[in-house]
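Worksheet for the structure shown next.
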Amino acid sequence: MLRAKLVDDPQIKYASLHNPLPTQLHAYVWPFLIIWPAFFAVYLSPERYDTYIQGQEWTFVWSGSIITAQSLLWLMTKWNINIQTLFTATKARSLDSAQLIKVIPVANAGSAEICPLHCDTMGGKKTFSFLFQKRRFLYYPERQCFAPLSYVLDAEPKPPVKVFQQAQGLTSKEEIDRIQHHYGDNTFDIPVPTFMELFKEHAVAPFFVFQVFCVGLWMLDEYWYYSLFTLFMLVVFESTVVWQRQRTLNEFRGMNIKPYDVWVYRQKKWQELTSDKLLPGDLMSVNRTKEDSGVACDILLIEGSAIVNEAMLSGESTPLLKESIQLRPGDDLIDPDGLDKNAFVHGGTKVLQITHHNSNGEDGSEKARKLSSGVPLPPDNGAVGVVVKTGFETSQGSLVRTMIYSTERVSANNVEALLFILFLLIFAIAAAWYVWQEGVAKDRKRSKLLLDCVLIVTSVVPPELPMELSLAVNTSLAALSKFAIFCTEPFRIPFAGRVDVACFDKTGTLTGEDLVVDGIAGLTLGHEGADVGKDGAHTELAKSANVPLDTTLVLASAHALVKLDEGEVVGDPMEKATLQWLGWTLGRNDTLMSKAAALAGPRTVESVQIKRRFQFSSALKRQSTIATVVTADRKTSKKTKATFVGVKGAPETIRTMLVNTPPHYEETFKYFTRNGARVLALAYKYLSEESELSQGRINGYIREEIEADLIFAGFLVLQCPLKEDAIKAVRMLNESSHRVVMITGDNPLTAVHVARKVEIVDRDVLILDAPEDDMSGTRLVWRSIDDKFNRDVDPTQDLDPEIIETKDICITGYALAKFKGQKAFSTLLRHTWVYARVSPKQKEDILVGLKDAGYTTLMCGDGTNDVGALKQAHVGVALLNGSPEDLAKIAEHYRTTKMKEIYEKQVSMMQRFNQPPPPVPVQIAHLYPPGPRNPHYQKAMEREAQRKGAATLATAGNQTEHIPTITSPGAQALQQSNANLTPQQQRQQQASIAAAGFADKLTSSMLEQELDDSEPPTIKLGDASVAAPFTSKLANVIAIPNILRQGRCTLVATIQMYKILALNCLISAYSLSVIYLDGIKFGDGQVTISGMLMSVCFLSISRAKSVEGLSKERPQPNIFNVYIIGSVLGQFAIHIATLIYLSNYVYSIEPRKSDIDLEGEFEPSLLNSAIYLLQLIQQISTFSINYQGRPFRESIRENKAMYWGLVAASGVAFSCATEFIPELNEKMRLVPFSTEFKVTLTVLMIIDYAGCWIIENVLKNLFSDFRPKDIAVRRPDQLQREMERKKQEELETQAEKERQRKV
């Protein structure tokens, strides 16, 4: 027996094995091989025909029913994967006999598929595999399941470091062939289907088929114009969706890194290969490429270091230093997410620079540099790395896969939609039953009766629903892109409207990256006569000029900054700020020099050269370096070389490494953290004071030896200014029924200080943490910020209710670990405001805990340390470090590139028709050489010079050689065409110059179409972060309220669509039954006018923009509540009552006909005209009354298209009811009305509208549930302060207006 879990992968929910059936045995074929011959046997025999079919119309009914049934069975196989396997395949008994595998992924991870199974016997071993969503799954007999291809790094436990350090690459042809067969090429092959292939896929979607079926029924009922108009709208909409998908797939295809040449060590020698032939296990040279391409796969560096830009992956543009594992202890296990995180160069990142350390040689000579495995160095002098993952399994590959498969199609909440349709179906079946009963009683034609019943039932399923949902989500995507926010998983946008808890990282999210160094504290610890605070803290801060030599050396050496060949220093902004404050500069080869003439003390520092780094790790909370320090005696100028160790890290961590902890150590660093500063402890020791240790000796040390027996060198105190919009953004969230929480790896005292500044906490805070003096690791205490309150806590017991009610809570990662799994854990999560000193894994646990408690969560982080938490949240937002200026440059570059593409297309098109190329558009004239075809060249060069701040160009001719011209075929054609012109060609040229204005306009209009901002943007690499479904390119915290506004806007749009569609469906069910049996018909023109009105209104609804602020009121989370269902039924009752009253009133004037001809042509009558106008006003009221505007979206008056559309339609309705414009009544085929009738009809229309308005507003005020969840409820004192603040702001605004008026 096969295991229940056939495929072991978190993205796959279920899988089963199958064998295909022959086509003739498919469920939509074999029954009809019997049915069709039987039908024709009856049809072709006159006797049987008269007995069983009895007439032409029943022939049509029977044949139509069989065709519909067969089509439906076939279509069901396209709609549901389970039905497809049931109808077209049988279950396989074993893996050996199976040919197919059905794979169903988890929700929102793409579509289910039936994949062919492949069986290979390479190397004499039988292997089974299948390809699903571009991933190869292999069968592992020992685990009895399929799993994605496993790589060395996927093994548990992880392999030792020496496996990679001693890697020899792929050594034999057999091994290369085997691995090539197993893993395939290193490519992202994204096939782009043709327009017709994609359209076929869309054309069999349930709603599209249903709509076409309805159109067919309307045609049978002879509503030709209306049917053709609807069909045209459907095809156009589906075509635009298909075109959009095709464009997106083409963009994804462009993400593939073009193959380029790389040096690879295979079969014991270095050889050049193209990057698409790289295989896992290859040894390759990592270097900056000629093409400046991204790295082609995921690589683990085993020699050398690289400076890389990961903007294409994480979106972060700050270059990072990646260092090899060459000096890591060989027996340690590789730690890809921790210690060795900085040794991995991921696919898609760009290498900016490579450096080598003289690894093994005592003499430090270049010749001595070699790998521990004995492999010679690459010919291009690059760093050496082991290929660990290729193709779609790389970081970039998985990002592209997420983009492709999570965005396939946005769907409604399927369970809710299904229940909603079933609810409407009750009314439709009742109406259809009424029509059938009445029709049978009057002996009506059965075929027409059946058609009417089917029309009634189908009218209940709102076919616009998926279209409307797509429109609403796409509108939100387009709106977010204007704020530089991109989304890879659009189905998450409605979640943003339901968010209860918003969690923020601190550093780089609420606080800025541009840190300010305040000074060095703690230098006087243990000295007499120092400034001491009440609690013993040494509050004095030393400036850079007064910092002792050893402290200076720690600051100058303990960092990961690197200087690029171009001269730019790259790395952590905090470390840049520190070095700048110190007055030191970083040169080549990790050498640092002091700008200052001299430092205090008997010796001056000549230079510091970093020899080895132990990079910062969030798990270890420290970093260290070994450096050679050259000092000179002030008197004798004698130079001395020493080997120095500099360490910096969290004060609590460094404390355990000191030989002697000075008195008041803790009080001093806590004094600064309480005041919101970021504090790092500094420590050092000398490995040798009089001589320089060789590189070999330095490389022999392990991290634990280096980071022990240290001497304290002070506290580095930095201020992290809040981002400009942090307070405003958090206040908006607090005041709009959200709970805001901070989750940070920083010190709890600093975290609480920042939380108070941004108004996350506003009461006294208690910190749940280990006691300071406890080394046992078992105790927990509540302690206040000033340490005056201390109380022991037992994690196995419930929390003290008094503390929860009266204090704000901060908890550390240590305490969180103690509470995890205990019964009080959920209570703790519910009441905690600040989480400090938590690891990335704990951030994830917090989000999972909040989700399990039933809250909708948002996490906002920086996209590098918060990946797990960002993925776990319902709405994960990565804030990148871009500025508006950066975005303006990117947008300008994008426009120029697009313009160039369009112009190149025009040039090649003209060439095809043997016409001269069009003039170069003014926007890109500076990219082409001067000449008659480039009339705007001079102007463009002046514009570019001004833009770059240069002097205006004197002449274009002098600058020609400096211009970056393009050498595309179009540009070459342009250059060639200007030479050796004949008189006739000159005349053509003059004509083309005359056409320059037209060409410019044409290109501009094409560009505008390309950049149509109402379209949802196509995500490109660099827009999205691997970490999160939402990415803000700007570092502004206000991105969060913007996302929540769009989420609420989409949620409100979805719910109001349900209401409007429900009312329309219920009214049409009544119209098609009771009204229809009374002989009331509408003209084709009348139906088309009302259909167009609905289309315009639906389009306008989905395009309504969100309002600026966030309201305290929350949108309805779902449609099944007393308010929404009550409102729909109440409005429906009003509509029915007015329709019944009007028809009875008309019968009192014109008696009812005894013989109603239901099949007759449409003829205007008093009843037809009156009912049409009443129904028109009912449609208008449905849209206008159920439109949800403020406080979530712009009001109906602000939604201009909808407002004027409804005003125009109301004008038409009332104008016709009052016969204000008689000609209009004639055009619309309405009969004349008497004065009394006009008054009655107009009053009834007003009553209908007013009644619905009253019902909607009464139920909204009585039953709508706008309350936030318990976690987001504000206390009375907070609400009071909020009111007072708003009053004060209003007074200040009025005073300012008054002042300006007087001025």
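Quick reminder: no glycine exception, Cβ is built from N, Cα and C everywhere.
Fair warning: this is a prediction, and the values are worked out from it, not measured in the lab.
Annotated Mg(2+) binding in Swiss-Prot involves D505, T507 plus, out of the candidates D120, D154, D852, D862, the residue D862. Among N287, N881, the residue that Swiss-Prot annotates as N-linked glycosylation site is N287.
The feature transmembrane segment, as given by Swiss-Prot for the ranges 57-77, 477-497, 1023-1043, sits at 57-77. Swiss-Prot records N-linked glycosylation site for one of N734, N980, namely N734. Nearest to D505 (active site, 4-aspartylphosphate intermediate) in space, judged by Cα atoms and limited to the recorded positions N474, R678, N734, D866, is D866. The closest partner of N474 (N-linked glycosylation site) among the recorded positions, by CA position, is T507; the full candidate set was T507, N589, R678.
Packing against the transmembrane segment (223-243) from elsewhere in the chain are residues 195, 198-199, 202-203, 208, 211-212, 214-216, 467, 470, 1084-1085, 1087-1088, 1091-1092, 1095: each is 6 or more residues past its ends and has a CB under 8 Å from a CB in it. Same-chain neighbours of the transmembrane segment (415-435): 449, 452-453, 456-457, 459-462, 465, 1058, 1062, 1065-1066, 1069-1070, 1072-1074, 1076-1077, 1118-1120, 1125, counting only residues six or more beyond its ends whose CB sits under 8 Å from a CB of the stretch. Note: the Cα of N287 (N-linked glycosylation site) and the Cα of D862 (Mg(2+) binding site) are spaced 28 Å from each other. The local packing around T507 (Mg(2+) binding site), expressed as other Cβ atoms within 10 Å of its Cβ over all shown chains, amounts to 21. A Cβ distance under 8 Å defines the sequence-distant neighbours of the transmembrane segment (1239-1259), meaning residues of its chain 6+ beyond its ends; these are 1122-1123, 1126-1127, 1130-1131, 1134-1135, 1138, 1141-1142, 1145, 1170, 1173-1174, 1177-1178, 1180-1182, 1185-1186, 1213-1214, 1217-1218, 1233.
A Cα-Cα distance of 23 Å separates D866 (ATP binding site) from N734 (N-linked glycosylation site).
A simple Cβ count within 10 Å picks out one of the glycosylation sites N589, N734 as the most packed, and that one is N734. With the fewest other Cβ atoms inside 10 Å of its Cβ, the least crowded of the recorded positions N287, N474, D505, D862, D866 in this structure is N287.
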